[in-house]
Each structure stands twice: as C-alpha cells, then as structure tokens.
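S.K.: Here's a structure for you.
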Amino acid sequence: MTTALVITGTDTGVGKTVFSAGLTLALQACYWKPVQAGLDEETDRETVARLTGCPTLPEAYRLRTPASPHLAAALDGVEIGPMPLPDLPGSLVIEGAGGALVPLAGRRLFADQMAEWQAPVIVVARTRLGTINHSLLTIEALRSRRVPMLGVAFVGAEVRDSQDTICRVADLPSLGRLPPLTALTRPALAEAFGAIDLDTIRGAL
Ligand SMILES: Nc1ncnc2c1ncn2[C@@H]1O[C@H](COP(=O)(O)OP(=O)(O)OP(=O)(O)O)[C@@H](O)[C@H]1O
Ligand SMILES: C[C@H](N)[C@H](N)CCCCCC(=O)O
Ligand SMILES: [Mg+2]
C-alpha cells in the first residue's frame with residue numbers, strides 16, 4: 001500500500017522541488033509530480049531524479065506551457081481530471097503545482113485534489129518578508145477544505161520571528177528549514193536535510 005506525503009507551497013518557485021528531492025532522498029521514497037506545466041526546461045521529475053537517483057513516476061499530465069495548470073491544459077486541448085493516488089509499495093512524495101489554490105480545471109483547485117487524497121501535507125514556505133501572510137492564507141485555505149497538514153517547512157535564510165509567528169498562529173509544527181545552498185548537489189542536499197524533522201515526517205507514514 002502507498003503511504004503518500006504531499007508537498008505544497010505558498011507560491012510557485014518557493015522550493016517545493018528542492019525540498020521534495022531532499023525528502024525523497026532521506027526517505028528513499030518514490031517521487032511523483034502529477035501535473036507538470038512547462039516542458040522546455042528540466043522538468044521537476046527530471047530534477048528530482050538527477051538530485052536523488054530515486055525512482056520517479058511519470059506525470060499524469062505533461063503540459064507544454066509554463067503557466068497555471070488550467071491554462072496550460074486548455075492550451076494543449078486537454079482537461080485535468082481527478083488523479084487517484086497510485087498504488088505502489090513504500091513511500092511516495094507528491095509535489096503539487098504552484099500554490100494550493102492553483103486551478104486544475106474550471107473551479108476545481110489543487111487543494112480540492114489534496115482534500116480527496118487525504119494524505120498528510122507539508123507546506124513549503126519562504127522565509128523572506130511577505131511569508132507570514134502567504135503561509136497563513138495557504139494554511140487557512142487547506143484547513144477549510146479539511147486537508148490534513150503535518151507542518152511547515154521553510155526554505156531560505158533564517159528569519160526567526162516570521163517562522164515562529166507562522167507556526168504559532170497556525171498552530172502547526174515547524175518541520176525545519178533548508179538554508180540557501182550555493183551548490184545544489186546530492187551531498188549538499190542530504191547534509192542540509194539534517195535540519196529537517198524527519199522523525200515527525202516518518203511518524204505520519
Ligand atoms: N535551498 C535552496 N538553495 C538554493 N537554491 C534553491 C533552494 N531551494 C530552491 N532553490 C532554487 O529556487 C528555484 C525555485 O525552486 P523550486 O524549483 O524548488 O521551486 P518550486 O516551488 O518547486 O516551483 P514550481 O512551482 O515551479 O514547481 C530553483 O531554481 C531552485 O534551484
Ligand atoms: C509554471 C510554474 N513553474 C508552475 N508549474 C505553475 C505555477 C502556477 C501559478 C498560478 C498562479 O498562482 O498564478
Ligand atoms: Mg517544482
């Protein structure tokens with residue numbers, strides 16, 4: 001049976017793929033990016049495979065345009081439907097697309113898909129100014145859809161008050177922080193992941 005963890009973020013570009021790679025490596029898990037929008041650069045699946053050497057699943061939707069999934073799908077003439085959890089042995093790290101309220105099709109949002117999965121979600125948040133508002137909005141939106149959340153993982157230089165404030169107001173644990181890495185290599189990522197609370201994460205699997 002699959003035990004899945006979902007990685008969402010407070011925005012696109014916050015570090016979901018880098019965090020997912022570190023987590024996939026640490027758990028020796030399998031990685032899945034169900035919706036990939038943008039195929040011209042290295043895809044998230046390719047990045048995680050390169051950084052981890054771990055298995056990855058094919059995307060459910062590979063969309064050509066680097067845009068919101070609903071638009072990228074429309075431009076390719078496809079409609080994003082429900083994406084059932086794959087059934088495989090071991091742990092699966094699932095990376096969302098953009099932030100939690102990114103539309104998939106019509107009024108259906110990625111958060112609605114997360115609510116259907118009912119797998120524990122980790123919210124990846126920046127540390128820099130503006131993150132309190134983005135993080136609390138994301139958490140409130142997920143909570144209102146009854147999406148189970150494990151905690152918040154930060155990416156960036158330490159901003160103690162913002163990190164503490166988010167976790168205190170949201171009443172969620174901090175799962176640690178990945179600092180800015182000058183070289184994004186497998187050893188550097190593995191070492192930086194020493195600062196992430198893997199016990200709490202493993203406890204949810
Ligand atoms: N800890 C880090 N140290 C250095 N660079 C990082 C770190 N985390 C993320 N980055 C860089 O920031 C950029 C955005 O990160 P990433 O691709 O992980 O974001 P994302 O949230 O997955 O975006 P998307 O919504 O497109 O999936 C990338 O160029 C990535 O290499
Ligand atoms: C193309 C990008 N890298 C992501 N895959 C999708 C980001 C969608 C963001 C939509 C939005 O919030 O405006
Ligand atoms: Mg990504």
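Positions of Cβ are set from backbone N, Cα and C atoms, glycine also.
Bear in mind that TrEMBL entries carry predicted annotations, made automatically and left uncurated.
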S.K.: Which of these, ASP44, ASP161, ASP164, does TrEMBL list as part of the ATP site with GLY13, VAL14, GLY15, LYS16, THR17, VAL18, GLU95, GLY96, ALA97, GLY98?
M.R.: ASP44
S.K.: Which residues in the same chain, at least 6 apart in sequence, have a Cβ under 8 Å from the Cβ of ASP44 (ATP binding site)?
M.R.: LYS16, THR17, SER20, LYS33, GLN36, GLU95
S.K.: Under a threshold of 6 Å between Cβ and any atom of ligand 1, which of the recorded positions THR17, LYS33, GLY96 are retained?
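M.R.: Close enough to ligand 1 are THR17.
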S.K.: Neighbours of the Mg(2+) site THR17, ASP44, GLU95: Cβ within 8 Å of the Cβ centroid, same chain, sequence order.
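M.R.: Sorted by sequence, the hits are ILE7, LYS16, SER20, ALA21, TYR31, LYS33, ARG45, THR47, VAL48.
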S.K.: Consider only the binding-site residues GLY15, ASP44, GLU95, GLY98: which of them have a Cβ under 6 Å from an atom of ligand 2? Write none if no residue does.
M.R.: GLY98
